[in-house]
Amino acid sequence: MEKMRVYQLARKLKMPTKDLLSLISEMGIEAKASLGSLSPQEVRKIEKKTTTRRKPTPREGKEAIRDPVVTFLGHVDHGKTSLLDAIRKTHVAKREVGGITQSIGASEVIFQNKRIVFIDTPGHEAFTAMRAHGARVTDIVVLVVAADDGVMPQTIEAIDHARAAKVPIVVAINKIDLGSADSDRVKRQLGRFDLSCEEWGGETICVEVSALTGEGLDHLLEMILLEAEMLELLGNPKGDFQGVLIEGEMDKQKGAGSTLLVREGILRIGDILIGDHVYGKVKAMINWKGGRLKEAGLSTPVKVLGLSDVGHPGGIFKKARDEKEARRLAEQVLEEERKKNLWKRKEVTLETLYQEKKEEKKTLNLIIKTDTQGSLQALGDVLKNLENENVRINITHGGIGEINKSDVLLASASKGIVISFNVGISGESRNLAKEENVEVRQYEVIYEIIDDIKKAQEALVEPKYEEVIIGKAEVRDTFRITRVGVIAGSYVTEGKVVRGSKARVFRGSEMLGEGTISSLKRFERDVSEVSVGLECGVNIEGFNEVEKGDIIHIYEKRKAD
């Protein structure tokens, strides 16, 4: 009989891993993690003990075990989407262009007769945005780290976002098929962030995988189910419905489409829903495969048609008694938001205008249009974070769907730029943009938007210059030449004298005047510069009061860092 891992024995004994770990501790066997190994003797001892224990009673109350909801996070290009595609075994058109997942959706996988729900996000910003709007959508985060690259800046950010949300992390070390892969180095790096792998004596589940070859994928799914078992995820299938908005998008033909994840109760066709300012009757429900549903239970993601608008990812939806009550509640929320925005609006006074002018802070006005609410929110957050001390970023308007004439006219009025992400522009709107001299920029990659906005910020700010003294010269004699003026016969004591540079003339500590060096000669010969230790003749345009003994400071203006 070979050694057996704790979770494997738990399944053999048909008992929760958590309970088995408690039993192992009670029996005085050295504390083990869920991936820890047990000797054949320990296994027999535990099996004997469990036969004498009373079988656990069925779970009391109305709560039931629900399926885990999982999100993949990690550094760009480490293979989050490829890994998810490989798990789903679909390998359909990839959702990454240039390294970022471009829309939020949901999918399901059946493994070992158990269901796992996967939520796609465009990064940890959207992950946190969902949480900020009232709900923890995710039960488990799979942190994807490339075996060749190791821990990168966005890996660290993803760790911080997961911890802030108090969501457990399972590590997937991807790309182990590469010759440059070094899983041990990755594990050492993770240890610095208190993610010590179980096989190294820590408490973090780490799985080595390859999205390309499929190696380790089943083991990763097994570990996700193990983590879910340890978490004892519960929901009430018979309670009042509660759903979380994962994504919202506006379709020209179908109207608002909202992807909801059922957290409590059951959602059925015909139910009246209310969430923030959004309400309406559920007219249709579509699952991740595109099939129609009549009802959706715990941990089921469904696209709901029939709601009045798209909401904020992370928003909580509940059932209302009827459409009249739902409309009243939605209008109440809108009124509260309107009052809040009025209160936040900055009062414009002569003092504030003067202060803004004094600070000389530039404003970049943007109109942004995206394909989904999640993308709109994530992009808006990213752009606001680009603000600096010199340039304020003002999102004049943000919306879902293609660029229309209203967007162009708004950009024209606000002297702004229209930025679109994964949406088009009608020919009519494009022609209007040309007439109004409005710049329209279309993107498929968020990072390209960031780069271009940074360049625009730099262009808006007038560069600051600083004066740098590049040389000094002592006047030893003067000569007056008709139609030229005074020539200062000088000796270069420091640096160099350069024709075309600016010069200031000092007599003691007093500055007498300044001007541009218009003529520079050495022994009757015109030269462009004269170095230290040499004599030269200097003419300063517009200043002829120079005398023997004066000191000329030569300087130039350089762009400040």
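Every residue, even glycine, has its Cβ placed from backbone N, Cα and C.
Per TrEMBL, the feature domain 'Tr-type G' maps to 65-234. Over the domain 'Tr-type G' (65-234) the predicted model carries a mean pLDDT of 81.
Taken from TrEMBL, the feature region 'G-domain' applies to 68-216.
Take the CB of I176 (GTP binding site) and look out to 10 A: across all protein chains shown you find 21 other CB atoms. I176 (GTP binding site) falls outside any helix or strand according to DSSP and counts as coil. Residues annotated as GTP binding site in TrEMBL: 74-81, 120-124, 174-177.
Taken from TrEMBL, the feature coiled coil covers 319-346.
The Cβ of D77 (GTP binding site) has 16 other Cβ atoms within 10 Å, all protein chains considered. For K80 (GTP binding site), other Cβ atoms within 10 Å of its Cβ number 29.
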